[in-house]
Amino acid sequence: MAHSPSSLPRLVIPIGDPAGIGPEVVLKSIEDPVITRDCQIALIGTRAFLPNTDFPLFDIPYNPEKITVGKGDAYSGEISFLYLQEAIKRTLAGEFDGIVTAPIAKSCWKQAGYDFPGQTEVLAGMAGIDRYGMLFVARSPRTGWTLRTLLATTHIPLKDVPTALNPELMTRKLELLLDCLAGDFGITNPSIAIAGLNPHSGEAGQLGTEEKDWLNAWLDSARQKYPNARLIGLIPPDTMWLEPGRAWFEGGGNPADAYLALYHDQGLIPVKLMAFDRAVNTTIGLPFIRTSPDHGTAFDIAGKGIARADSMKAAIQLAAELCRQRSSGDLD
C-alpha cells in the first residue's frame, strides 16, 4: 500500500550502546529502501558513531575516543541510557508515533548507575504506566504465519517465578494481550494458548501444585469473563510449541493467534529456535508503539561489519505497521 509522506508513521531510533552492534544494524537497516519506504525515520545518537548518514539525527555529543567498540563500559552505558531517554521524551511530546530501540547492555547501565532490568521498564516508567507486557512477534519466511508470544513474567530469576505469578498478574497480562490483539492486529475474537508452569502442567499436583492450587481455576474464570476469546490450556510446556512449530515450518495445522508463556525462557527458547534472526520485541500497554530487535549488543562481533540486521529491519517494519493500525484501524 502506498502512503503520502505526510501520512507515513514517524519513527525514532535511539542507536543503543555505541560499543555494540546497534549503530551497525541501524545503518544497515535504514540503507534498505524496502525498509524505509513506508515510514519516516529519525535517529538519536552521536554523529561520530553514524558517519555518512543523511537521515535526520538528534546529535547528542559524546567523546568517541572514550568508546572502545566491542567493550561496553559505564561510559557507553550512560550514552545509551541518555539516547533512550531522549527518544521517549520526544515521543511523549508528540514528535514521533513510535520508537524502535537498538540493543543496550544492562550491565553497562548498572555500571553507569542506572539500575533497570531493561529498556522496557524505563519506557513504562517514563510513560507513567504500570500495566505493560513484552510481546514477541515474528513472521515465518516459509509460510507467512505470525507467531505472537507474551511473557507473564519477564526479567526475574527462575526461583522467583512461582511467587511472582498470581491470578491478578495473569488477568492483567491477558487483558493487555486481548487489547493488543484487537487494537494493534485487528484480531477481535482471538484464540490464545496458555502454558502450564510445571512439567506436564503439574500432573494433577504430582509434579507441582500451582496448576491445581489456582491456575486452573483462574483459567475457568477467565473463560467466563472473556467469552469472545478462545482460551486454550493449560497446555503442558513441552507440547505448547508443537502447533506453532508446524505452522512456522510447514504451514497449516491449528495454531493459536497468540501464546501466553509464564516465564522468560519458557517463551523465548521456542521463539529464538524458530525466529532468532527475525523476532521482534514489542512493549504492549504503552501510549505509543515500541519495538526492538530480539538480540543483544553482541560485543564479540561489534565493529567487524558482520552483524545481521534482519531483526532490526523486522522491528522497523512491524513498528510502522502497528502505527498505521492504531491510526487507521486497518493493519496492512
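Keep in mind that glycine also has a Cβ here, set from the backbone N, Cα and C atoms.
Curation does not apply to TrEMBL; its annotations are automatic.
Here TrEMBL has LYS272, ASN281, ARG290 binding substrate, and the candidate from THR53, THR68, THR120, THR143 in that same listed site is THR120. For the pair THR120 (substrate binding site) and HIS155 (divalent metal cation binding site), the Cα-Cα distance reads 10 Å.
Cα of HIS155 (divalent metal cation binding site) to Cα of ASN281 (substrate binding site): a distance of 14 Å.
If you measure from the Cα atom of ASN281 (substrate binding site) to that of HIS264 (divalent metal cation binding site), you get 13 Å. When Cβ neighbours within 10 Å are tallied across all protein chains shown, the highest count among the binding-site residues HIS155, HIS200, HIS264, LYS272, ARG290 belongs to ARG290.
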